[in-house]
Structure formats: C-alpha cells, structure tokens
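Below is one structure, written out as structure tokens, with a few remarks after it.
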Amino acid sequence: MNDEKLTLNDIKLLMVDFMFAGIDTTSATLHWVMLYLCNNPHVQKRAQAEADRLVTTHGRLPCFEDMDAMPYTRAIIKEATRIRPVGPLGLPRQTIEEDTVAGYYIPKDAQVIYNTVGIHEGLYPEDTEMFKPERWLAANFNDSGNGPILPAAGSGRRRGSDLKTMAEDGAAPSSAPDEAGHRLDLLDGIYLFGQGRRLCPGERVGHGVHSSAYLRELEAIIKGDLAKGRDPRTDRELCYAEELLLTMNDEKLTLNDIKLLMVDFMFAGIDTTSATLHWVMLYLCNNPHVQKRAQAEADRLVTTHGRLPCFEDMDAMPYTRAIIKEATRIRPVGPLGLPRQTIEEDTVAGYYIPKDAQVIYNTVGIHEGLYPEDTEMFKPERWLAANFNDSGNGPILPAAGSGRRRGSDLKTMAEDGAAPSSAPDEAGHRLDLLDGIYLFGQGRRLCPGVHLALREMFILVSRLMACVTLDSALHPGKPFSDEAQFGLTALPKEKVLVTATERDPAMREMLNMEKRQVMKRRVSLSVHT
Ligand code: HEM
C-alpha cells in the first residue's frame, strides 16, 4: 500500500467494490451455465470426457493451471456469456471525440451505451438461440474467414480467422499461447465484461450507440412551435424530455445533459419499479382479503366518479397506497442502501464510526426493526392513519427528510374509506410512501424518481383492483413463496405468473372508452406535428 499510495480506507473501498461488482454477476452467469448444462446432456458428456482425460493424465481434479488444457469447459462458460449476458447493456461511456459509427453521427461528449445482447446476437444471426460451445473452439475458425467477425479484447476489431490459435479441442494440453501470441479466450467476441480501459477488472471487453435521433426530432418540433410563437404546453401534454427541451436555455442544459438524464432514468427507474411491482402482485395473490379491500376502495371511487382511478385519486385511495408501501417495507428491492462517506466521526448504537469511513445502511434490517413482532406479515393496514394514535400506537417512524418523530405525529391522513381529500392535514404532514421507508435512500441524494415510481405503481394497482382479481397461474388458490432471490434488485425466487379474472364487464367498457379517447388525442398530436 505504501508503494501504491493506498490508504487503509482505499483498500476497504476496493474490497466493498469487489463484493458489489463480483458476486451477483458471477453467480448469475453460473445460473445460466447450470441451466444450459442441464438442458444439453450432450454438452455435459463432452465436458465430462475432457475432465476425465485430465484426471487420468494427472491423477488429480482440475485446478486453475488446467485452464488452457480444457478448452471445451472454457467454451461452455463463454457460450453461456454470449447467449445470455447477465448485463444486457454495457455501462455508459462519454465520447472524447466525434465519430461516425454504422452511419450514425456521434458527437463529442455524447453518452454511449453498448447493447451487449444486440452485439452478441449479431455474432451468429443464423442460430443465435442455440447453445453451442463448439463455436468457441479453435478448430471452428479457419483462414477462409469461417466464424464470426470478432472484436478482440482491448483492441479494435479482428477477423475470427486470426483467432485460429488455441489448442484444438481434445488435443494435447498446452498452456502456452500460440505462435502469433493470440488466445481464443473468454473476452474475444464477448462484450459482457465491458470494453476498453474500464473493462471489468475481474475479466477484460464494446460499443453500441444510444441514438439521439429521437431527441433531435423532438427538439426540432419544439423549436418549430416556438418560432411560430406557439407555446407547445397550451396544445398538448408534454413528455418529460419535451419539458426539459423547453426549459433547456433557462436551466443551462445541453442536449447531451438531457440525454444523460433520460439514460439515468431508464437505468435507475425500470428494474426497481418493476421489481417492486412483482412483490405487490405476489402479496396481492397471497392475500385475497387484501385484494377484496382494495377492490372495495376502487369500487367506491368508480361509483362516485363514473370512471377508473387516475393520478388525481392518490389521496382518496389510502389503502391502495398502503399496499404499495407495505410491499416496499416487507421486501425492499434494494436490500442495502448506496454507500456514503462520513464527513466526521460519530458513535451510532454504541459503534464508533471514524471520519471518512464508508457506511452502507441496511434497508432490510431497518424495515424489519419497525415491526419486530410481525415483520413477516403483509399488513397494509399498518400504514393507515387510523392505526396511529396519540398514545404512541404504531412504530417510531423516521420522517422523510427530518429526524425521527413518533408515529402519533403521523396521524394525518384521511381515514381509510373516509371522504376523498387531496389536502394534507392541518399540521402539514402526510403519511406518504417515504415515511418510515428507506428503500429510496435518505438525505440529499434520495431517489429523485420516488414520486414517479409511486404514481406508476399506484395507477397500475388501483386500476388492476378496479378491473380484475389476481391469482397464481402456477398453483391457483395457493400462495407464492415469498422468499427473495438476491441480485442487483431482490426479486421473488418463484416466478410471479398470475391470472387476471375480469370482475365486471362495465370496467372493460370504461377502459375501451379511455383507449378511444387516447387514440383520438394521439391522432390530433400527429396531425399537429
Ligand atoms: C420502486 C422504484 C425505485 C426504487 C426502489 C429506487 C431506489 C433508489 C435508490 C435507493 C437510490 C439511491 C439513493 C441514495 O443514494 O440514497 C436511487 C437513486 C436514483 N433514482 Fe431511484 N428508485 C426507484 C425508481 C426510480 C425512478 C422511476 C427514477 C426515474 C425515472 C429513478 C431515478 C433515480 C436517479 C436518477 C437516482 C440517482 C440520484 C443521485 O445520484 O443523486 N428512480 N433510487
């Protein structure tokens, strides 16, 4: 550490990085390897024959030194990374100069993301869905250009024929690279580990382009409107990208900033929200009484307004919101928060935390601590104002943004089933998604997408409850296992396949009516543009 000018803290951060970056990725890839081995007994047989040859020669089990002598085993791993790359998209890069790739102009400072799945599919378009480890054996590359065009690890593109370098499958073991110094290794042709200088250090690898054509088109439409003295906002509902394009001068945003924001949102907002919805569906199927109560809430709204729930009904549907909140409590899809660095020393729960330490909050642990007596019970009613009272009933909840306050302070929302009200209570408090929930982080870098995520989930759950009854498609009437499988997001271990049974044909008619109205709006928008 002295030669490399590393502090003890740098070493700790490296250890944590390795844990975060190395465990899920490797184990997910191994899941695919196992799956394809089970699905392809002939592949297993050939790998076993290779292992047997090694065992017979050396009188011991394979060890790290045998990598070069077992090309078929390596080819199995490589084919699994090709056919199902566990990171479907690469990490973003910023271009340091302009360029043209496949006919697309890429400006300087653009954010580019390579599409690993797309690149891998393009390698063998004729049979991309076939698991064929033998693609990766040197015997299948020859100087007539047989084999795909493979980009080499770390340096530009080179022909597959250059890669005719490895010992043939089954040939005498040799650990030396061939005379040209090439190796048909895991990285040749595989983009799963990234590319270039920031290639995954656990292995080494791309490109792929985040197209900006759509954004430029939108910008032209907005500029066209403004040039004609027309404010697009008065004509139609704008999407987020259009709103940003309209305010980009005032906000000092470049087109590139907007692109980066869009990409950030896609990365940060899709998996997290969809994983949370998996849990919501699971717990709805497992708790028919919860569905019934949510359906009753939706029915009251439909009867009052003669339409399906919409965003404005959030405050009027506390039980639906409580379902979403309880799902985020019981199975937070991000089991750990993102790391923070302490700016001063402190003592927390008897533990001394030095300055400059990296701390990670344990979301699962905090959530479990809220209701230790029945933490594994899915009880949305915990989050209804009726269940908080001045005698301190309810857990001690940390309030969103400001210290800790007693649950009794939170007796603020309209009672479940009470008259709809969109106004916060007189104390200005709201029993909202963030009170007591750490899933979205805390403090200044709290998830900025929380309100969007809540609305997306609210609209889906409230409308589902208005229209259908959910049940497990795999084992009707029986609960799903609520065990979590940990990955980048913690998803249910069991596949949440559900059936949706229509409750009332009148709801279908309401949906169809809405669909017709949306289509009409779309037509008028395309006429406008
Ligand atoms: C259920 C859904 C979601 C969950 C569980 C979630 C969770 C999180 C967490 C834990 C963080 C880190 C906060 C911290 O450092 O303390 C975060 C950051 C972030 N989230 Fe979300 N998120 C969700 C939905 C969304 C959506 C829908 C968007 C946008 C469309 C979004 C955009 C972001 C962005 C841009 C950041 C980075 C903020 C920063 O670095 O300052 N998230 N999210």
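Positions of Cβ are set from backbone N, Cα and C atoms, glycine also.
Automated prediction, rather than curation, is the source of TrEMBL annotations.
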According to TrEMBL, which listed range is region 'Disordered': 148-180, 181-213?
148-180
What three-state class does DSSP give CYS447 (heme binding site)?
coil
Neighbourhood of CYS447 (heme binding site) by C-beta distance under 8 A, where only residues 6 or more apart in the same chain count:
ALA268, PHE440, GLY441, ALA453
